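Down below is the structure, laid out as structure tokens.
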Amino acid sequence: MLPKKDKTMAADLTSGSVPHFYRDIYDILCPDQQTQLDQDMFIKLLMKSSLPKETLTRIWELVDCHHGYLTRSGVYKALALIAVSQQGKPVNDVVLQNFGCQELPRPSLGDLSDLKALSVRLRREKNPTRLSMSYREVCSRDIIKVTLIPKKKGLILKHVEYEVSSQRFNSVVQRRYNDFVVLHEMLLHRFPYRMIPQLPPKKLVKTADAHFIEERRKALKRFLTLVVRHPNISEDPLIHFFLTFLGRDVQHNLKEQFRSAPDEFSTNRLAQTVEELDPLDTPTQSRLARDLMKHVHSSVSKLRDAADSIKEQTLEGAVDMLTFGRELSWLADMANTDSEWSSGGNETWNHLKKGFKSLHPMFPPISNALAEHSKQEDEDVVEKLNLFLDLLSAYKEGEQQERRKHFALHCISMETQLVHCYMNIVGEMLHSLIELETIKHYKIYELWKNMHPMVENMNSADVVEERLGSASPTGNKSPYFPSK
């Protein structure tokens, strides 16, 4: 009989090149780079292969180490055996030896989204005091789009409608601002100890300009994004109803369906035992967390203001470039009113006008590039920081909840962990900012550089010589555009 260590080695994969797909599967099952895979997760993985029960039992026997878990190599061997079996080959301990150094086959496992959800749920159930979710997993829970429906309805007070789409539910619904208000009110009642983001302010449409409507649209999208990605709130039937209900009078139906629903404390199974889970220093840790979040909120707010200023400067630059091009076009089209008396025979003005005519069409592309970059800076930098700020503001709102003390403190702990999870958004924002600014300045540099020969042709020879003579001796042909 083999010792335990040898039995483990026998169950592991010993030959074949591991394809990237295997690593992707392992990252789903063990996202925190754990060294062991839970038995429940492995059984779920086997079931997704749609193989006969007898075959799955055989695969289980070949890879099970009798410890209630699998190693990474054991998972890879299971995936290879599933693929081999799906090809109609017998499943045994020697079938994989034929691959040698070749890449192992890829199994067919269908949609893996439910496997991701199950992985998160099992990890959280095993350790309820840990969020056990990565930023990537939080973001993958759902992708929300909120777009303005141009047509306004109503006879007296016209209202704005939004088209709301959810990737998770594969749904598209139409919602009004007041529908969001009812959802917000019910979420506050249902989850009194969780981070419920604030809604943007209400304003009569007849006094709301396009800028206000657009800012409110973005704020509603952020609100709904945070809600549908929250580990607990997103699983509530209230969210499913809001994102899928296609009938009329959404507000009335929301109230009728969920008015009598109890709050989370009454339905959460941890509420009765959470006192045993919380460490003795939970109140102290809670105060420290609140202080940290206060400082983070202040700094992120300043980062958002700076990013918004960068975006506005880019947009102002786009407007300035259009002005430049328009004025050059106007100068180029001016009628020739100068005479020998006014010019003294100098042809400079006529020469410049020809240059203006060639040059002015080159400014709109610069304006368009800057306008597009301003939009991207808003979406990839400013809005990410706004999303994080909305979350931090909701955390500040929830920190005063002390009723049903132990469950409230437990929720604060979990919400704090969720904020820490979202802190990745700052790094993601910085990556987007650096990438966008690099692309923007290089693009604009290229557009400006294309104008250089035209400007040189517009100037008289003596001016060009004087400029070149005053340039610093760097070895570049042009004092304005360094060589790449």
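Every residue, even glycine, has its Cβ placed from backbone N, Cα and C.
Unlike curated records, TrEMBL annotations are generated automatically.
Going by TrEMBL, these are the annotated features:
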DOMAIN    22-63  domain 'EH'
DOMAIN    140-250  domain 'PX'
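The list of residues near the domain 'EH' (22-63) in space but at least 6 beyond its ends in sequence, with Cβ under 8 angstroms from a Cβ of it, reads 11, 69-72, 74-82, 85-86, 91-93, 104, 107-110, 112, 115-116, 118-119, 122-123, 126, 132, 134, 137. Across the range of the domain 'PX' (140-250), the DSSP-based residue counts are 49 helix, 24 strand, 38 coil. The DSSP breakdown of the domain 'EH' (22-63), given as helix, strand and coil counts, is 28 helix, 2 strand, 12 coil. On the 0 to 100 pLDDT scale, the domain 'PX' (140-250) averages 89 in this prediction.
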